[in-house]
Amino acid sequence: MWEHVKKVDPEIYEVLVNELRRQEYGLELIASENFASLAVIETMGSVLTNKYAEGYPGRRYYGGCEWVDRAEELAIERAKKLFGAEFANVQPHSGSQANMAVYLALAQPGDTIMGMSLSHGGHLTHGAPVNFSGRIFKVVHYGVNLETETIDYDEVRKLALEHRPKIIVAGGSAYARTIDFKRFREIADEVGAYLMVDMAHFAGLVAAGIHPNPVEYAHVVTSTTHKTLRGPRGGLILTNDPEIAKAVDKTIFPGIQGGPLMHVIAAKAVCFKEAMSEEFREYQKQVVKNAKKMAEEMKKRGYRIVSGGTDTHLFLVDLTPKDITGKAAEKALESCGITVNKNTIPNEKRSPFVASGIRIGTPAVTTRGMKEKEMEEIVELIDYVLSSITDEKGTVRPEVREEVTRRVRKLCEMFPLYRDKIEGVEI
(Lines of atoms letter the chains of each structure in order from A and count residues from 1; the text may use other names and numbers.)
(Lines give C-alpha, C1' and ligand atoms only; values in the text may rest on other atoms or scores of the structure.)
Protein backbone atom coordinates (compact mmCIF):
# COMPACT_ATOMS: atom_id res chain seq x y z
CA MET A 1 0.00 0.00 0.00
CA TRP A 2 1.17 3.51 -0.87
CA GLU A 3 4.19 2.18 -2.80
CA HIS A 4 3.64 4.81 -5.52
CA VAL A 5 3.45 7.61 -2.95
CA LYS A 6 6.66 6.33 -1.35
CA LYS A 7 8.44 6.55 -4.70
CA VAL A 8 7.04 9.91 -5.85
CA ASP A 9 6.77 11.85 -2.58
CA PRO A 10 8.68 10.45 0.42
CA GLU A 11 7.62 13.38 2.62
CA ILE A 12 3.91 12.69 2.18
CA TYR A 13 4.56 8.95 2.51
CA GLU A 14 6.12 9.70 5.89
CA VAL A 15 3.00 11.67 6.88
CA LEU A 16 0.75 8.75 5.88
CA VAL A 17 2.76 6.17 7.78
CA ASN A 18 3.10 8.28 10.92
CA GLU A 19 -0.61 9.10 10.96
CA LEU A 20 -1.40 5.41 10.49
CA ARG A 21 0.80 4.61 13.48
CA ARG A 22 -0.82 7.34 15.55
CA GLN A 23 -4.26 5.91 14.85
CA GLU A 24 -3.12 2.32 15.35
CA TYR A 25 -1.48 2.86 18.73
CA GLY A 26 -3.53 5.70 20.22
CA LEU A 27 -6.91 5.83 21.93
CA GLU A 28 -9.24 7.99 19.84
CA LEU A 29 -11.97 9.52 22.01
CA ILE A 30 -12.91 12.53 19.90
CA ALA A 31 -16.67 12.12 19.45
CA SER A 32 -16.70 13.29 15.83
CA GLU A 33 -14.00 10.86 14.69
CA ASN A 34 -14.16 7.24 13.64
CA PHE A 35 -12.27 4.70 11.56
CA ALA A 36 -13.56 4.01 8.05
CA SER A 37 -13.38 0.48 6.68
CA LEU A 38 -10.77 -0.39 4.08
CA ALA A 39 -13.64 -0.80 1.59
CA VAL A 40 -14.56 2.86 2.13
CA ILE A 41 -10.91 3.96 2.04
CA GLU A 42 -10.19 2.03 -1.17
CA THR A 43 -13.24 3.55 -2.87
CA MET A 44 -12.13 7.06 -1.92
CA GLY A 45 -8.70 6.38 -3.38
CA SER A 46 -10.07 5.13 -6.70
CA VAL A 47 -10.13 6.30 -10.34
CA LEU A 48 -13.52 7.90 -9.68
CA THR A 49 -11.59 10.95 -8.48
CA ASN A 50 -10.73 11.62 -12.13
CA LYS A 51 -14.32 12.19 -13.26
CA TYR A 52 -16.14 15.51 -13.53
CA ALA A 53 -19.90 15.10 -13.21
CA GLU A 54 -21.63 18.45 -12.71
CA GLY A 55 -25.37 17.95 -12.39
CA TYR A 56 -27.30 14.87 -11.27
CA PRO A 57 -27.63 11.29 -12.58
CA GLY A 58 -29.09 11.40 -16.09
CA ARG A 59 -28.75 15.21 -16.16
CA ARG A 60 -25.01 15.90 -16.35
CA TYR A 61 -23.10 18.70 -18.04
CA TYR A 62 -20.35 16.27 -19.07
CA GLY A 63 -20.26 13.07 -21.10
CA GLY A 64 -18.85 9.76 -19.91
CA CYS A 65 -20.92 9.65 -16.72
CA GLU A 66 -22.46 6.19 -17.11
CA TRP A 67 -20.62 4.63 -14.18
CA VAL A 68 -20.50 7.61 -11.85
CA ASP A 69 -24.24 7.94 -12.41
CA ARG A 70 -24.59 4.37 -11.21
CA ALA A 71 -22.48 5.11 -8.12
CA GLU A 72 -24.57 8.16 -7.20
CA GLU A 73 -27.84 6.31 -7.84
CA LEU A 74 -26.72 3.55 -5.48
CA ALA A 75 -25.77 6.10 -2.82
CA ILE A 76 -29.14 7.88 -3.14
CA GLU A 77 -31.24 4.71 -3.04
CA ARG A 78 -29.32 3.29 -0.08
CA ALA A 79 -29.55 6.55 1.88
CA LYS A 80 -33.30 6.68 1.29
CA LYS A 81 -33.75 3.07 2.39
CA LEU A 82 -31.45 3.41 5.39
CA PHE A 83 -33.23 6.43 6.84
CA GLY A 84 -36.74 5.96 5.47
CA ALA A 85 -36.69 9.12 3.36
CA GLU A 86 -38.37 9.86 0.03
CA PHE A 87 -35.54 12.04 -1.25
CA ALA A 88 -31.78 12.19 -0.67
CA ASN A 89 -29.00 14.45 -1.91
CA VAL A 90 -25.58 12.84 -1.47
CA GLN A 91 -23.51 15.59 -3.10
CA PRO A 92 -22.70 17.95 -0.19
CA HIS A 93 -18.95 17.99 0.39
CA SER A 94 -19.47 18.36 4.15
CA GLY A 95 -22.06 18.72 6.87
CA SER A 96 -21.48 22.47 6.88
CA GLN A 97 -22.29 22.70 3.18
CA ALA A 98 -25.36 20.52 3.68
CA ASN A 99 -26.55 22.99 6.31
CA MET A 100 -25.75 25.96 4.11
CA ALA A 101 -27.73 24.43 1.25
CA VAL A 102 -30.82 23.97 3.42
CA TYR A 103 -30.63 27.51 4.79
CA LEU A 104 -30.31 29.03 1.33
CA ALA A 105 -33.03 26.78 -0.09
CA LEU A 106 -35.61 27.64 2.57
CA ALA A 107 -34.72 31.17 3.69
CA GLN A 108 -33.44 34.47 2.37
CA PRO A 109 -30.42 36.40 3.69
CA GLY A 110 -31.58 38.44 6.67
CA ASP A 111 -34.33 35.99 7.64
CA THR A 112 -34.36 34.65 11.19
CA ILE A 113 -33.12 31.17 12.00
CA MET A 114 -33.07 29.59 15.44
CA GLY A 115 -30.55 27.07 16.73
CA MET A 116 -28.85 25.82 19.85
CA SER A 117 -26.14 28.06 21.29
CA LEU A 118 -22.64 26.79 20.60
CA SER A 119 -21.70 26.99 24.28
CA HIS A 120 -24.74 24.88 25.19
CA GLY A 121 -23.93 22.09 22.73
CA GLY A 122 -24.84 23.49 19.31
CA HIS A 123 -22.64 23.78 16.23
CA LEU A 124 -20.88 26.63 14.43
CA THR A 125 -23.30 26.35 11.52
CA HIS A 126 -26.32 26.80 13.78
CA GLY A 127 -25.84 30.55 13.86
CA ALA A 128 -22.49 31.24 15.52
CA PRO A 129 -21.44 34.87 14.82
CA VAL A 130 -18.10 33.79 13.33
CA ASN A 131 -19.78 31.38 10.89
CA PHE A 132 -21.54 32.08 7.58
CA SER A 133 -24.85 31.17 9.24
CA GLY A 134 -24.44 33.94 11.79
CA ARG A 135 -23.31 36.46 9.18
CA ILE A 136 -25.99 35.84 6.57
CA PHE A 137 -29.01 35.35 8.81
CA LYS A 138 -30.48 36.93 11.89
CA VAL A 139 -29.97 34.35 14.61
CA VAL A 140 -31.85 33.54 17.80
CA HIS A 141 -30.23 30.99 20.08
CA TYR A 142 -31.89 28.67 22.56
CA GLY A 143 -30.03 26.72 25.22
CA VAL A 144 -30.33 24.21 28.01
CA ASN A 145 -31.91 24.61 31.42
CA LEU A 146 -28.95 25.37 33.68
CA GLU A 147 -30.33 23.09 36.39
CA THR A 148 -30.99 19.98 34.29
CA GLU A 149 -28.56 20.89 31.48
CA THR A 150 -31.08 19.54 28.99
CA ILE A 151 -32.98 21.44 26.30
CA ASP A 152 -35.58 23.77 27.75
CA TYR A 153 -38.47 23.20 25.32
CA ASP A 154 -40.59 25.85 27.00
CA GLU A 155 -37.85 28.38 26.28
CA VAL A 156 -37.62 27.14 22.69
CA ARG A 157 -41.36 27.69 22.23
CA LYS A 158 -41.25 31.10 23.90
CA LEU A 159 -38.40 32.28 21.69
CA ALA A 160 -40.05 30.86 18.58
CA LEU A 161 -43.31 32.67 19.33
CA GLU A 162 -41.44 35.91 19.96
CA HIS A 163 -39.11 35.86 16.95
CA ARG A 164 -41.05 33.78 14.39
CA PRO A 165 -38.00 32.18 12.75
CA LYS A 166 -38.08 30.86 9.19
CA ILE A 167 -36.08 27.79 10.22
CA ILE A 168 -35.69 26.07 13.60
CA VAL A 169 -32.60 23.87 13.88
CA ALA A 170 -32.47 20.88 16.23
CA GLY A 171 -29.27 18.94 16.82
CA GLY A 172 -25.79 19.81 17.99
CA SER A 173 -22.17 18.80 18.34
CA ALA A 174 -21.93 18.37 22.11
CA TYR A 175 -25.42 17.51 23.36
CA ALA A 176 -25.55 14.07 24.96
CA ARG A 177 -29.28 13.58 25.42
CA THR A 178 -32.04 12.35 23.10
CA ILE A 179 -33.82 15.26 21.44
CA ASP A 180 -37.62 15.37 21.36
CA PHE A 181 -38.15 15.87 17.62
CA LYS A 182 -41.93 15.63 17.97
CA ARG A 183 -41.93 18.57 20.37
CA PHE A 184 -39.70 20.57 18.06
CA ARG A 185 -42.04 19.90 15.12
CA GLU A 186 -45.04 21.02 17.15
CA ILE A 187 -43.26 24.29 17.96
CA ALA A 188 -42.21 24.76 14.33
CA ASP A 189 -45.76 24.18 13.10
CA GLU A 190 -47.13 26.61 15.67
CA VAL A 191 -45.00 29.46 14.33
CA GLY A 192 -44.98 28.44 10.67
CA ALA A 193 -41.28 27.54 10.61
CA TYR A 194 -39.40 24.78 8.85
CA LEU A 195 -37.86 22.21 11.20
CA MET A 196 -34.35 21.20 10.20
CA VAL A 197 -32.61 18.47 12.17
CA ASP A 198 -28.82 18.22 12.00
CA MET A 199 -28.15 14.59 12.91
CA ALA A 200 -24.47 14.62 11.96
CA HIS A 201 -23.39 13.23 15.30
CA PHE A 202 -25.99 10.53 15.87
CA ALA A 203 -26.82 9.45 12.30
CA GLY A 204 -25.25 6.04 12.88
CA LEU A 205 -27.49 5.46 15.89
CA VAL A 206 -30.52 6.42 13.77
CA ALA A 207 -29.45 4.11 10.95
CA ALA A 208 -29.20 1.25 13.43
CA GLY A 209 -32.67 1.94 14.79
CA ILE A 210 -31.54 2.64 18.34
CA HIS A 211 -32.24 6.37 18.29
CA PRO A 212 -35.42 8.24 17.23
CA ASN A 213 -35.45 8.95 13.50
CA PRO A 214 -35.77 12.71 12.81
CA VAL A 215 -36.87 12.05 9.22
CA GLU A 216 -40.30 11.18 10.64
CA TYR A 217 -40.70 14.67 12.11
CA ALA A 218 -38.46 17.18 10.36
CA HIS A 219 -39.12 19.01 7.12
CA VAL A 220 -35.50 18.34 6.25
CA VAL A 221 -32.58 16.46 7.84
CA THR A 222 -28.87 17.05 7.33
CA SER A 223 -25.95 14.87 8.31
CA THR A 224 -22.32 14.07 7.81
CA THR A 225 -21.36 10.62 6.57
CA HIS A 226 -18.40 10.10 8.86
CA LYS A 227 -18.69 10.24 12.68
CA THR A 228 -21.04 7.48 13.88
CA LEU A 229 -21.91 6.49 10.28
CA ARG A 230 -18.27 5.47 9.84
CA GLY A 231 -18.07 6.50 6.20
CA PRO A 232 -16.06 9.04 4.18
CA ARG A 233 -15.94 12.70 5.12
CA GLY A 234 -18.96 14.27 3.46
CA GLY A 235 -22.54 15.51 3.80
CA LEU A 236 -26.08 14.26 3.23
CA ILE A 237 -29.54 15.86 3.00
CA LEU A 238 -32.83 13.96 3.45
CA THR A 239 -36.47 15.00 3.14
CA ASN A 240 -39.93 13.63 2.43
CA ASP A 241 -41.10 16.87 0.79
CA PRO A 242 -40.72 16.97 -3.03
CA GLU A 243 -40.68 20.78 -3.15
CA ILE A 244 -37.95 21.00 -0.52
CA ALA A 245 -36.02 18.30 -2.39
CA LYS A 246 -36.15 20.36 -5.61
CA ALA A 247 -35.06 23.51 -3.81
CA VAL A 248 -32.19 21.71 -2.08
CA ASP A 249 -30.98 20.09 -5.32
CA LYS A 250 -30.87 23.49 -7.07
CA THR A 251 -29.09 25.07 -4.12
CA ILE A 252 -26.39 22.38 -4.02
CA PHE A 253 -25.87 22.57 -7.78
CA PRO A 254 -25.51 25.05 -9.33
CA GLY A 255 -26.02 27.11 -6.16
CA ILE A 256 -23.05 26.48 -3.90
CA GLN A 257 -21.10 23.60 -5.45
CA GLY A 258 -19.75 22.67 -8.86
CA GLY A 259 -18.47 19.21 -9.62
CA PRO A 260 -19.40 16.57 -7.04
CA LEU A 261 -16.68 14.38 -5.52
CA MET A 262 -17.61 11.11 -7.22
CA HIS A 263 -14.99 9.05 -5.38
CA VAL A 264 -16.48 10.24 -2.08
CA ILE A 265 -20.08 9.70 -3.23
CA ALA A 266 -19.23 6.11 -4.18
CA ALA A 267 -17.62 5.66 -0.76
CA LYS A 268 -20.83 7.00 0.79
CA ALA A 269 -22.70 4.24 -1.06
CA VAL A 270 -20.34 1.66 0.46
CA CYS A 271 -20.83 3.20 3.90
CA PHE A 272 -24.63 3.06 3.58
CA LYS A 273 -24.47 -0.60 2.57
CA GLU A 274 -22.29 -1.38 5.58
CA ALA A 275 -24.77 0.47 7.81
CA MET A 276 -27.59 -1.85 6.73
CA SER A 277 -25.92 -4.88 8.31
CA GLU A 278 -26.76 -6.54 11.63
CA GLU A 279 -23.09 -6.16 12.55
CA PHE A 280 -23.45 -2.38 12.27
CA ARG A 281 -26.56 -2.42 14.44
CA GLU A 282 -24.72 -4.35 17.17
CA TYR A 283 -21.79 -1.96 16.84
CA GLN A 284 -24.02 1.05 17.48
CA LYS A 285 -25.59 -0.61 20.51
CA GLN A 286 -22.10 -1.11 21.92
CA VAL A 287 -21.14 2.51 21.17
CA VAL A 288 -23.93 3.69 23.47
CA LYS A 289 -23.18 1.06 26.13
CA ASN A 290 -19.55 2.14 26.14
CA ALA A 291 -20.43 5.84 26.43
CA LYS A 292 -22.78 5.17 29.33
CA LYS A 293 -20.15 3.02 31.04
CA MET A 294 -17.44 5.64 30.66
CA ALA A 295 -19.70 8.39 32.01
CA GLU A 296 -20.61 6.23 35.01
CA GLU A 297 -16.97 5.42 35.73
CA MET A 298 -15.96 9.08 35.46
CA LYS A 299 -18.68 9.99 37.97
CA LYS A 300 -17.41 7.31 40.36
CA ARG A 301 -14.01 9.00 40.25
CA GLY A 302 -15.48 12.37 41.18
CA TYR A 303 -15.91 13.98 37.77
CA ARG A 304 -19.01 16.02 36.99
CA ILE A 305 -20.79 14.92 33.83
CA VAL A 306 -22.91 17.58 32.13
CA SER A 307 -26.63 16.62 32.37
CA GLY A 308 -25.60 13.71 34.58
CA GLY A 309 -24.92 11.22 31.80
CA THR A 310 -25.62 10.36 28.18
CA ASP A 311 -28.14 8.72 25.86
CA THR A 312 -25.82 8.72 22.87
CA HIS A 313 -22.22 8.19 21.80
CA LEU A 314 -20.75 11.15 23.68
CA PHE A 315 -20.70 13.02 26.97
CA LEU A 316 -19.23 16.21 28.38
CA VAL A 317 -17.00 16.35 31.43
CA ASP A 318 -17.02 19.58 33.44
CA LEU A 319 -13.49 19.95 34.82
CA THR A 320 -14.23 23.08 36.84
CA PRO A 321 -14.43 21.19 40.18
CA LYS A 322 -11.01 19.68 39.41
CA ASP A 323 -9.53 23.13 38.68
CA ILE A 324 -8.30 21.94 35.28
CA THR A 325 -9.03 23.66 31.97
CA GLY A 326 -10.20 21.76 28.93
CA LYS A 327 -7.11 22.96 27.06
CA ALA A 328 -4.76 21.56 29.70
CA ALA A 329 -6.65 18.27 29.87
CA GLU A 330 -6.58 17.84 26.09
CA LYS A 331 -2.83 18.50 25.93
CA ALA A 332 -2.07 16.24 28.89
CA LEU A 333 -4.04 13.31 27.51
CA GLU A 334 -2.63 13.73 24.01
CA SER A 335 0.91 13.55 25.39
CA CYS A 336 0.00 10.06 26.64
CA GLY A 337 -1.65 8.80 23.45
CA ILE A 338 -5.27 9.60 24.34
CA THR A 339 -7.07 12.15 22.17
CA VAL A 340 -10.12 14.12 23.28
CA ASN A 341 -11.13 17.70 22.56
CA LYS A 342 -11.56 20.66 24.87
CA ASN A 343 -15.16 21.83 24.90
CA THR A 344 -17.23 24.63 26.34
CA ILE A 345 -19.89 23.73 28.88
CA PRO A 346 -23.26 25.35 29.64
CA ASN A 347 -22.77 28.72 31.35
CA GLU A 348 -19.13 28.69 30.26
CA LYS A 349 -16.85 31.26 31.92
CA ARG A 350 -13.73 30.65 29.84
CA SER A 351 -12.78 31.30 26.23
CA PRO A 352 -13.59 28.49 23.75
CA PHE A 353 -9.84 28.26 23.14
CA VAL A 354 -9.38 27.30 26.80
CA ALA A 355 -12.80 25.94 27.83
CA SER A 356 -13.85 24.28 31.08
CA GLY A 357 -14.64 20.83 29.79
CA ILE A 358 -13.70 17.98 27.52
CA ARG A 359 -15.91 16.05 25.13
CA ILE A 360 -15.50 12.28 25.07
CA GLY A 361 -16.95 9.91 22.48
CA THR A 362 -16.84 6.15 21.99
CA PRO A 363 -17.40 5.47 18.23
CA ALA A 364 -13.71 5.00 17.38
CA VAL A 365 -12.69 2.78 20.30
CA THR A 366 -15.84 0.71 19.76
CA THR A 367 -14.88 0.22 16.11
CA ARG A 368 -11.74 -1.48 17.44
CA GLY A 369 -13.93 -3.97 19.32
CA MET A 370 -13.55 -2.54 22.81
CA LYS A 371 -16.36 -3.03 25.31
CA GLU A 372 -17.28 -2.07 28.88
CA LYS A 373 -14.23 -3.70 30.46
CA GLU A 374 -11.90 -1.61 28.33
CA MET A 375 -13.92 1.53 29.10
CA GLU A 376 -13.14 1.02 32.79
CA GLU A 377 -9.44 0.83 32.03
CA ILE A 378 -9.56 3.89 29.77
CA VAL A 379 -11.28 5.94 32.48
CA GLU A 380 -8.64 4.79 34.95
CA LEU A 381 -5.93 6.02 32.56
CA ILE A 382 -7.70 9.35 31.97
CA ASP A 383 -8.04 9.95 35.70
CA TYR A 384 -4.39 8.99 36.28
CA VAL A 385 -3.23 11.51 33.68
CA LEU A 386 -5.49 14.35 34.79
CA SER A 387 -4.47 13.81 38.40
CA SER A 388 -0.81 14.11 37.38
CA ILE A 389 -0.96 17.48 35.61
CA THR A 390 1.70 19.77 37.05
CA ASP A 391 0.84 23.13 35.47
CA GLU A 392 -1.78 25.06 33.53
CA LYS A 393 -0.15 24.03 30.24
CA GLY A 394 -1.12 20.41 30.81
CA THR A 395 2.34 19.06 31.54
CA VAL A 396 2.26 15.53 32.95
CA ARG A 397 4.87 14.01 35.23
CA PRO A 398 7.36 12.10 33.00
CA GLU A 399 6.97 8.78 34.80
CA VAL A 400 3.18 8.95 34.46
CA ARG A 401 3.41 9.86 30.78
CA GLU A 402 5.71 6.92 30.09
CA GLU A 403 3.54 4.45 31.99
CA VAL A 404 0.26 5.56 30.44
CA THR A 405 1.72 5.67 26.92
CA ARG A 406 2.93 2.10 27.38
CA ARG A 407 -0.44 0.92 28.70
CA VAL A 408 -2.31 2.69 25.90
CA ARG A 409 -0.16 0.98 23.28
CA LYS A 410 -0.63 -2.40 24.93
CA LEU A 411 -4.40 -1.94 24.97
CA CYS A 412 -4.44 -0.88 21.32
CA GLU A 413 -2.32 -3.87 20.33
CA MET A 414 -5.00 -6.12 21.80
CA PHE A 415 -7.57 -4.49 19.48
CA PRO A 416 -5.75 -3.90 16.17
CA LEU A 417 -7.21 -1.41 13.73
CA TYR A 418 -5.51 -1.67 10.33
CA ARG A 419 -2.30 -3.45 11.37
CA ASP A 420 -3.35 -6.93 10.23
CA LYS A 421 -5.07 -5.66 7.07
CA ILE A 422 -2.51 -3.44 5.35
CA GLU A 423 0.41 -4.97 3.47
CA GLY A 424 3.69 -3.36 2.57
CA VAL A 425 3.75 -0.80 5.39
CA GLU A 426 5.69 -1.35 8.58
CA ILE A 427 3.40 -0.24 11.41
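Counting starts with 1 at the first residue shown.
Any Cβ shown, glycine's included, is placed from N, Cα and C.
Owing to the predicted nature of the structure, the values given are computational and were not obtained by experimental measurement.
Taken from Swiss-Prot, the feature (6S)-5,6,7,8-tetrahydrofolate binding site applies to Leu118, Gly122, His123, Leu124, Glu243, Ser351, Pro352, Phe353, supported by sequence analysis. Sequence annotations record features per position, and here Swiss-Prot assigns site 'Plays an important role in substrate specificity' to His226. Summarising the annotation, Swiss-Prot assigns N6-(pyridoxal phosphate)lysine to Lys227.
Distribution of Swiss-Prot features across the structure.
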| residue | record | Cβ within 10 Å |
| --- | --- | --- |
| Leu118 | (6S)-5,6,7,8-tetrahydrofolate binding site | 25 |
| Gly122 | (6S)-5,6,7,8-tetrahydrofolate binding site | 24 |
| His123 | (6S)-5,6,7,8-tetrahydrofolate binding site | 24 |
| Leu124 | (6S)-5,6,7,8-tetrahydrofolate binding site | 16 |
| His226 | site 'Plays an important role in substrate specificity' | 26 |
| Lys227 | N6-(pyridoxal phosphate)lysine | 27 |
| Glu243 | (6S)-5,6,7,8-tetrahydrofolate binding site | 9 |
| Ser351 | (6S)-5,6,7,8-tetrahydrofolate binding site | 11 |
| Pro352 | (6S)-5,6,7,8-tetrahydrofolate binding site | 15 |
| Phe353 | (6S)-5,6,7,8-tetrahydrofolate binding site | 10 |
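Take Leu118, Gly122, His123, Leu124, Glu243, Ser351, Pro352, Phe353, the residues named in the record as contacts for (6S)-5,6,7,8-tetrahydrofolate: the widest Cα to Cα gap among them comes to 42 Å. In three-state terms derived from DSSP, Ser351 ((6S)-5,6,7,8-tetrahydrofolate binding site) belongs to neither a helical nor a strand segment and is classed as coil. Each residue contributes its Cα atom, and for Leu124 ((6S)-5,6,7,8-tetrahydrofolate binding site) and His226 (site 'Plays an important role in substrate specificity') these two points are 18 Å apart.
Geometry remark: Phe353 ((6S)-5,6,7,8-tetrahydrofolate binding site) versus Lys227 (N6-(pyridoxal phosphate)lysine), CA distance 23 Å.
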